[in-house]
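Note sheet for the following structure.
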Amino acid sequence: MSNDMDDRQRKTIQNVWWYIAVAMSETIGTALLVFLGCSSAVPSITSTPPSHIQICLVFGFAVCIIIQMFGHVSGAHLNPAVTVSACIFRLVPVSIIALYFVSQLIGGILGYGAILSLYPAQSNMNVTHGFCTTVPNPGISTFQAFLVEFFASSILILICCGVWDKRNANKHDSAPIKFGLAITAIATPLGPYTGGSMNPARSFAPALFTGVWNAHWIYWLAPISAGVLVTYFYKFVFDRQPPPPEPDQSDLPLNQSNFKMRNADKTSNEALSSE
């Protein structure tokens, strides 16, 4: 009886520590993503503005190193949309989606808060005007901004589904690099239109600190709807097993081949005798 109780207590403790590990990895990972990514947008002491490609590269490289750090712990989602997709893919139980979401949002807040605390005032971040916030470009409509974010998030979710596919299980060696380059490849052309967020947690923290909520709903609805729709699309269209190959006669076992040859000889002999 005592052994059974000890086993249950041990399993309970293991489960609790697993939840803590997941929460910590998503919190720290998202904090690093926001801190490193938004830090790349801070003008230098000499007021030299960073280039768009520089910011996109830093966000991509940040994703790369964070996946290497925490991918084996929580999957390093860093993004509520990715967590929704992973849940549909049955990689994450529904019961802990809230744990992922809260950890990611807290991580984004900590990462952005660290930027405001650590960087000197001379960096001219212009926080009151929405430093590192994601808002639609005035040159496009709200609907167009939604489509851009949905399209960008759809590409990201398709990449996730492809990596999670069991048929791709032996091709994960360079997954962090692939994800990082994918973020850069998506954000570089689409960033000028909406900021290329693809991530509610990345957009929430700057909006919270700066008070810039312009069309903020886009940065929640577009990625999460992409996480749902694109994942189901992938499972319905691409998650299929190939048909079994036709057996090759040359690959048949010798006893089976001999059996077929004997049957063929017997049939031919019966035909001759009937004549």
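Each Cβ is built from the backbone N, Cα and C atoms, and glycine gets one as well.
The region 'Disordered' feature in TrEMBL is assigned to 243-275.
Residues 54-55, 57-59, 61-63, 65-66, 69-70, 73-74, 76-79, 96, 99-100, 102-108, 110-112, 114-115, 119-120, 122-125, 131-132, 201-202, 205-206 of the same chain lie 6 or more positions beyond the ends of the transmembrane segment (16-45) yet place their CB under 8 Å from a CB of it. Taken from TrEMBL, the feature transmembrane segment applies to 16-45 (among others).
Positions annotated as transmembrane segment by TrEMBL: 51-70 (among others).
Look at TrEMBL and you will find 91-115 (among others) tagged as transmembrane segment.
Among the features that TrEMBL reports, transmembrane segment is placed at 143-164 (among others).
Sequence-distant contacts of the transmembrane segment (176-195), counting only residues of its own chain at least 6 positions beyond either end whose CB sits under 8 Å from a CB of the stretch, comprise 52-53, 55-57, 59-65, 67-68, 71, 133-137, 140, 144-145, 148-149, 151-152, 155-156, 159, 163, 203, 218-219. Annotated transmembrane segment per TrEMBL: 176-195 (among others), in sequence order.
Taken from TrEMBL, the feature transmembrane segment covers 215-234 (among others).
Counting same-chain residues at least six beyond the ends of the transmembrane segment (91-115), those with a Cβ under 8 angstroms from any Cβ of the stretch are 19, 22-24, 26-35, 38-39, 42, 74-75, 77-80, 83-84, 125, 132, 164, 201-202, 204-206, 208-209.
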